Structures are given as C-alpha cells and as structure tokens.
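Swiss-Prot annotations:
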SIGNAL    1-20  signal peptide
BINDING   Gln82, Tyr261  pyrroloquinoline quinone binding site
ACT_SITE  His147  active site, proton acceptor
BINDING   Glu240, Tyr250  Ca(2+) binding site
Amino acid sequence: MHRQSFFLVPLICLSSALWAAPATVNVEVLQDKLDHPWALAFLPDNHGMLITLRGGELRHWQAGKGLSAPLSGVPDVWAHGQGGLLDVVLAPDFAQSRRIWLSYSEVGDDGKAGTAVGYGRLSDDLSKVTDFRTVFRQMPKLSTGNHFGGRLVFDGKGYLFIALGENNQRPTAQDLDKLQGKLVRLTDQGEIPDDNPFIKESGARAEIWSYGIRNPQGMAMNPWSNALWLNEHGPRGGDEINIPQKGKNYGWPLATWGINYSGFKIPEAKGEIVAGTEQPVFYWKDSPAVSGMAFYNSDKFPQWQQKLFIGALKDKDVIVMSVNGDKVTEDGRILTDRGQRIRDVRTGPDGYLYVLTDESSGELLKVSPRN
C-alpha cells in the first residue's frame with residue numbers, strides 16, 4: 001500500500017491542532033549536555049538506562065544518580081560523518097548473561113568504513129563492558145561517512161535483526177553479494193540461521209533477510225502483530241515505513257517515491273511502483289528524516305494506545321501515528337515547539353515516552369500526555 005502526501009494533508013491539518021500544540025504533552029529534561037546521543041536501552045529493576053553517544057562513549061543514566069563516566073571496554077569506533085557508536089540493546093537473556101549488543105562504524109584498511117555489531121558483558125557495578133566480541137561486519141566496507149543504518153532488534157523468537165544502510169552507494173542495495181542496503185538476520189548468538197532466504201543461493205550473502213533499503217534509521221517489533229517494522233530515509237522525499245518479509249526486495253534505488261537532492265530523478269530509478277519490488281505500508285512525499293521509532297504498548301496513558309511514535313531529524317519533532325493492523329495514518333506531531341532533532345524514541349517500562357535529541361548538547365527527555 002502507498003499513500004501520497006496530498007492524501008495526508010487534510011488529516012495533518014485536522015489533527016495537528018490537537019497533537020502539535022505544546023500544551024498536549026508534559027516534557028521533563030532528565031539529562032542535558034549529551035554529545036550527539038544515538039540510542040538508549042532500559043535496564044531491568046529500575047536501574048536506569050544505557051545511552052550511546054555517537055562519538056564513541058557508552059554511558060549509564062539513573063534517576064537520582066545522573067550520568068555516569070564513560071564505560072570502559074567499548075570497541076573503538078570510526079566517528080566520522082554519520083558514523084560512530086550507534087545502537088545498544090540488551091540480550092534476551094540479559095538477566096543471566098549480562099550481555100549487551102552494540103552496533104558501530106568500523107574503518108577498514110583503505111580508510112572506508114562499514115557497520116559492525118558485537119556483544120560484551122555489562123559489569124554488575126555498571127562501570128564497564130568486558131569480553132567484547134565482534135560477530136558481524138558489513139562487507140565490503142564502502143562508506144566515507146554516510147548511511148550506516150545500525151538499528152538492532154531482537155524478535156522474541158531467538159533472532160537478531162540488523163538494519164544496514166547502503167553507504168551512499170545506491171546500486172549495492174540490489175546486490176546480494178554485498179551487505180549494503182540490507183536487513184540481516186542472525187541468531188541471538190551471532191550465527192547465521194539455517195532458514196535465511198539466500199543461504200543456498202550461490203554468490204549471495206547468507207546473512208541477508210531482505211534487501212533494497214537505502215538508509216534505515218528506526219526499527220521495532222509491533223507488539224500487537226509480532227511483526228518487525230522498519231523505517232528508512234528516502235533521498236529528497238520518499239521516507240518509508242516497511243514491514244520487511246523474508247527474501248523480499250524493498251526497491252531502492254529501482255523504486256522510490258523520492259528524487260535526488262539536486263532535484264533530478266534518481267539515475268537507477270524506474271518509477272514509484274516497480275514489478276518485483278515491495279511497496280511501503282506508508283511513505284512521506286516530503287521527507288521528515290525519520291529516526292528512532294517506538295510502539296506504545298502500555299496501559300499508563302490510554303490515549304496513546306495503538307500509537308506509533310517516530311522521531312524526525314529534519315522536521316525536529318515526533319510524529320504520532322495510529323496503527324490498525326498493517327496500516328498506519330499520521331495523527332500529527334508533538335515536541336514541535338522545542339526545535340530539536342529527534343534521534344531516538346522509546347517507550348519506557350513505566351509507560352512514559354523517552355526521547356533523545358541529536359545535538360552537540362543533546363537531551364534526554366521524559367514525555368507524557370497532558371490531561
């Protein structure tokens with residue numbers, strides 16, 4: 001299914017009076033002076049959260065204690081352009097293993113970089129990561145600073161999904177012998193599952209789950225359907241939400257609802273709808289530069305139930321969407337008055353929304369609806 005922006009305008013205009021007004025939400029700044037924070041992961045038992053800073057630091061934050069010093073044991077990262085330390089997630093068996101997973105950009109011998117993923121053990125005192133092991137590397141390394149992707153999601157069935165950008169090398173998203181522009185599926189131990197779609201295809205990378213992706217920035221499990229949802233940046237226009245299926249081609253750069261930043265057509269593009277490629281479940285004709293995303297699955301605030309929240313880097317707000325099966329509609333925006341690039345959005349275990357702003361003096365925000 002696709003929706004063009006002129007279908008959305010009446011909905012946005014009607015609903016933005018409700019959702020975009022500053023008075024619709026309460027905002028508490030929990031932490032400031034974060035240097036380009038990228039992701040957060042909640043720790044169990046009210047022990048706060050881990051926060052990645054793109055420059056390469058992993059920090060711990062806890063209410064009443066504030067922000068820790070940088071944790072030791074984190075891998076070296078290539079912090080250039082859009083690269084650096086990216087996502088952080090807890091292993092499904094964290095309570096027993098203390099294992100955390102990190103994604104980050106890693107440079108190769110020729111000075112070009114790619115996304116890498118690994119895991120280590122978080123110490124009981126939350127001060128260090130030990131025994132870090134890299135289990136996945138995007139190959140070949142092609143990036144000079146753009147389109148790393150890097151979001152990590154465990155699906156609750158024993159698998160880890162890794163969203164990878166095409167390193168600003170458009171045609172590679174269609175090449176099954178390369179890991180650019182792909183969604184990768186591994187086991188929760190970092191191994192390649194036997195039922196991955198291209199495992200028996202000669203010349204194809206066995207890690208690949210789906211392909212034809214430009215620059216994925218948000219990924220989350222839909223708690224109502226148990227399906228994985230993914231968003232990605234288009235070029236000039238064409239930001240998308242997809243529900244990636246096994247072995248499917250999501251089009252980039254052959255099919256896109258966007259154009260080049262120059263205003264001209266994408267050279268490889270054959271149109272918006274192209275045979276053999278999947279259509280997004282939602283797209284924006286004018287790109288908000290989507291980022292971290294979170295489904296609201298809590299009883300804390302009934303007015304937020306069945307909502308999907310997506311950060312917007314360019315539009316500097318949080319997009320509020322209603323979810324009905326595999327269909328979504330945009331209800332409007334929140335945090336528009338703050339004028340901050342939104343990098344990550346997560347639903348906390350307490351039912352509040354937690355937001356990271358992407359700035360040299362970024363903030364951790366706690367957000368709730370105003371009754």
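Cβ coordinates come from backbone N, Cα and C, glycine included.
Using a 10 angstroms CA-CA radius around Gln82 (pyrroloquinoline quinone binding site), the recorded positions that qualify from His147, Glu240, Tyr250 are His147. Cα spacing between Glu240 (Ca(2+) binding site) and His147 (active site, proton acceptor): 15 Å, rounded to the nearest whole number. Classification of Glu240 (Ca(2+) binding site) by DSSP places it within a strand.
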